[in-house]
Amino acid sequence: MFKHTRKLQYNAKPDRSDPIMARRLQESLGGQWGETTGMMSYLSQGWASTGAEKYKDLLLDTGTEEMAHVEMISTMIGYLLEDAPFGPEDLKRDPSLATTMAGMDPEHSLVHGLNASLNNPNGAAWNAGYVTSSGNLVADMRFNVVRESEARLQVSRLYSMTEDEGVRDMLKFLLARETQHQLQFMKAQEELEEKYGIIVPGDMKEIEHSEFSHVLMNFSDGDGSKAFEGQVAKDGEKFTYQENPEAMGGIPHIKPGDPRLHNHQG
């Protein structure tokens, strides 16, 4: 069950409207690593979790907080679009608005009535393919660290793209929360790795072709990666290096398709 409160988690009001910054913020809302991806990933992982209650609760806590971040960014975008120009009358009144109108996301006015959308800045819709919920919490926690890292990186870049103190205030809060989320997911990952092992999944090592499991194969014309040779991996084994990987699989010969498929291949 979710219960909404009308108060935002943190301030989300700019000093002035800025439709171009509104477009940029769409990446943190509807982009691959944005808050919608975090919200849906963590909630899905939490709902799928049947193990230790602390991990389930951690995921649901954080997924629900991401809802608040979606709300904050959507609100900020709405404020940034207040009084934004969108028609020829605006341009006639003030020709200097041409640059602003050229930099705006046309979908903000055309599709969403000068409101936020679940798209990235170029209008590509957010999609569920960005979400990870594998049922394996070691893998999922690793994804979560990456998601928070990418999100924080993008927020850092957005911070440098504006001098609006209201926008920056919200971004400072998001930076801090993404610090917390990185750290908590790293801690959960470490605990789960101690229990299940470093490699995901940890119960297949007995059947894999282990002679290939710690070989760094040189598939480029550089040799810089040879520096890893002899170093100890996190599982305690040493890396070896293969200068010239060999083709061991032979030449495939697949029979032609059924004539009804019309695969005319010469």
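Backbone N, Cα and C atoms are what each Cβ position is placed from, and that goes for glycine too.
Residues or ranges marked as Mn(2+) 1 binding site in Swiss-Prot (evidence: experimental evidence): GLU35, GLU66, HIS69. Cβ environment of HIS69 (Mn(2+) 1 binding site): GLN9, GLU35, GLY38, MET39, LEU174, ARG177 lie under 8 Å away, each six or more residues apart in the same chain.
Here GLY222 (Ca(2+) binding site) comes close to no residue that lies at least six apart in sequence on the same chain with a C-beta under 8 angstroms from its C-beta. DSSP gives GLY222 (Ca(2+) binding site) a coil state; it is part of no helix or strand. Residues annotated as Ca(2+) binding site in Swiss-Prot, with experimental evidence given as evidence: ASP57, ASP61, ASN218, SER220, GLY222.
According to DSSP, HIS181 (Mn(2+) 2 binding site) is assigned to a helical segment. Positions annotated as Mn(2+) 2 binding site by Swiss-Prot, on the basis of experimental evidence: GLU66, GLU148, HIS181.
Long-range contacts of the region 'Disordered' (243-266) within the same chain: residues 217-219, 223, 226, each at least 6 residues beyond the stretch ends and with a Cβ under 8 Å from a Cβ of the stretch. According to Swiss-Prot, the feature region 'Disordered' maps to 243-266.
Annotated compositional bias 'Basic and acidic residues' per Swiss-Prot: 255-266, in sequence order.
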Site with most surrounding Cβ atoms, counting all protein chains shown within 10 Å, from the binding-site residues ASP61, GLU148: GLU148
Cβ within 8 Å of the mean position of the Cβ atoms of GLU35, GLU66, HIS69: remaining residues of the chain near Mn(2+) 1: GLY34, THR36, GLY38, MET39, GLU65, MET67, ALA68, VAL70, MET72, ILE73
Least surrounded among the binding-site residues, given as ASN218, SER220, when other CB atoms within 10 Å are counted: SER220
